[in-house]
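Single-structure report; data block below.
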Amino acid sequence: MRVIRAAAALNSSCAASSRQGARYASLACRTALTSSPLAPCYSARLSGLRYFTKTHAPRAASAAEAALKQAKELAAANMTPEAAAARMTPEEAKRLSMVRNIGIAAHIDSGKTTVSERILFYTGRTKAIHEVRGRDGVGAKMDSMELERERGITIQSAATFADWKKVENGVEETYHFNLIDTPGHIDFTIEVERAMRVLDGAVMVLCAVSGVQSQTITVDRQMKRYNVPRISFVNKMDRMGSNPFKAVEMINSKLKIPAAAVQIPIGSEKEFEGVVDLIHMRAIRNDGLRGINVRVSNTIPENLKELAEQKRQELIEKLADVDDEIAEMFLEEKTPTPEQIKAAIRRATIGLKFTPVLMGSALADKSVQPMLDAVCDYLPNPGNVDNMALDRSKKEEPVKLLPYDSLPFVGLAFKLEENPYGQLTYIRVYQGTLKKGQYLFNARNDKKVRIPRIVRMHSNEMEDVNEIGAGEICAVFGVECASGDTFTDGRLPYGMSSMFVPDSVMSLSIKPKRSSDADAFSKAMNRFMREDPTFRLHVDEESEETIISGMGELHLDIYVERLRREYKVDCETGKPRVAYRETISKRAEYDFLLKRQSGGPGDYARVVGWIEPNVENAEGNKFETKVVGGNIPDKYLAACGKGFEEACIKGPLLGHKVIGAHMVVTDGATHVTDSSDYAFNLATQMAFRKAFPDAGGAVLEPLMKTTITAPAEFQGNILMLMNKRGSIVDTEVGADEFTMIAECSLNAMFGFSTHLRAATQGKGEFSMEFSHYAPAPPHLQKELVAQYEKELEAKRSK
């Protein structure tokens, strides 16, 4: 206590004779005040004045340094999980246990947004239901963008919050949901990616007719990437051809995650009226306007009793494979109670070993409420999930974040959005409390920012709040940052890993039709790039054209349309361009001498070595030096590496990126006055370009995993279409429709939607997802290279 008193006293007094002492004391007091109860510190400050005056400053400096060390140790002790748990009030523990951060994700048109609308209605968040393509023209609440309502698709993920009152054994508990509705189209996959990065659980929606589809597999991959537990909801049970058990089989076989139904349907297709709960063996139906009332009966329809017993046994057997407690009971031939089954499902789901499958029809207002109960029962609260940060003071050692309000603040900015009131930054609070007016530090650049306003989002509406606790999701105004930035209150040297951002696969040139729109065009482009990491822009040095890149035709079309609507900028766009890559297939040696004299100091550099395929990583490049004897000094070798990187940005064949190349420098020569970093950088670039043709330089084209769904009667027409475009990988034929999966060159898919509409009378649909790069056919490569050389010649002749 005496050293803290010393520090406090010195901080209060005018310690002019020892600036070092004052500095230590100030730090000690600040640390003590932020990590200890305030009263003892104030007491120490008053008492310490009796011990120290200006004449004691040198002694105080030593005492203050000891005080700083002690205060830091005290602060560290207060930040341990045990100390934080001890300070947690029963109210905070209760609040945390009732929070569910969930997302709704699925294939296109599986009913994600319709499910979200029912969740909002049944939780009382909205007073009326508006359909995605409803006749009232209002559109779904979660599709707030005009383009979304016109096209009937979700383009941006939308966040909201709601309270769900769950009744169990006559006791009502209120759960708090933070809900994010995500797009289904692959072009907007970054929206799903960043949602999964910050969510604790998800509802994976499947179509009862189609089951697991192409985008379902993509969503599954994203959930696994971020270790997100999920429950599965088989939607559209009232459709003709619905088969929930086929969907369960497909989850097991295609997604490779153990799954079992926890419900079976009462009635099928148009006769679907509810579900049988296999855990409690009871029937659940919906009554009243929009299915607002849930009617539970302990009497199961007679014709379903045998099926219910069979599916319940299958559920227990599947749980025995993934849960030790149920496995032990199964071996002892004991029947688990409903409580034991629910506990096992929760353990296995949170442990990423299992997904329970529920079923219903959101559009028909049936069996959505039991799915909400399942979210409460089986998906984790923020305290059940291991969210990790990287401690930058310990070489980015992983450290677990704890969702306690009393700990230092750590949050992740996962989405940026332009708003009439300024930039809106969505933040997931992992640890600590975020308060209005609080100062935070951006871990990426150590910039200090103030939080002037905190809101909770309800699609495009907002509600102001003064503070947000640990485990919650909110949005803030007035914070300049990038998507994926970590924020702390300055007491912890933590950063967090960002989300995965896929490479763009398509580009096109764009320019405003009117020169007067240049400022608005530039403003829009900066905003779009800030909001969407998959939307990129660059200016081609040779053509001086502005090139935008994205995930597909629809992705870029949407941004061109938003330019017109939101910024009143009409644009001219060029033909879509494929993002080709260049590579090499064999080893080639080089010995290149750069020797230029222009009156003054010249350029001299010689580099010797070879280039070869990068066998370690076909998607990346590698530079290596094996120079002996100091023929090239180290300072120039670094310039050689930089030159190789720059040469790979724009390949010799088409001007596209080079991948899969390994360059080795073994020897070289320098000149006393004419050698420089610039000379060796340029010599390396020229050596690489000269050796590229000898190394079997080739063009790689992107292959797309293409999924086509259409009525079975058009199967022959689509086979003819796809035989011209790519190799067919798989075909699934159902009662009324079929699905074809093929690998196609992106170049061959331009305008495919028009051909598909003609071949299927407008009844077919398709989606594309980048698969991998593969060598382009020789005739295409020859054509592309000739076209590129012709363009270069035309530019040189201008």
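Glycine is no exception: its Cβ is also placed from the backbone N, Cα and C atoms.
Remember, it's a predicted structure, so these values are computed and weren't measured experimentally.
Database features, via Swiss-Prot:
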TRANSIT   1-24  transit peptide
DOMAIN    97-383  domain 'tr-type G'
BINDING   106-113, 181-185, 235-238  GTP binding site
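Overlay of Swiss-Prot feature records on the structure.
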residue: A106; record: GTP binding site; Cβ contacts under 8 Å, 6 or more apart: K112, G184, M204, V205, L206, Q215, T216, V219, N235
residue: D109; record: GTP binding site; Cβ contacts under 8 Å, 6 or more apart: G184, C207, E765
residue: T182; record: GTP binding site; Cβ contacts under 8 Å, 6 or more apart: G103, I104, A105, K112, T154, S157, E191, V192, A195
residue: H185; record: GTP binding site; Cβ contacts under 8 Å, 6 or more apart: I108, I153, T154, Q215, L554, S767
residue: M237; record: GTP binding site; Cβ contacts under 8 Å, 6 or more apart: A208, P244, P265, S268, F272, M359, G360, S361, A364, K366, S367
Practice prompt. Using DSSP reduced to three states, classify A106 (GTP binding site) as helix, strand or coil.
Written response: strand
Response to the item:
Simplified DSSP label at K112 (GTP binding site) comes out helix
Worksheet item: Can you count the other CB atoms that lie within 10 A of the CB of K112 (GTP binding site)?
Response: 29
Worksheet item: What average pLDDT is reported by the model for the domain 'tr-type G' (97-383)?
Response: 89
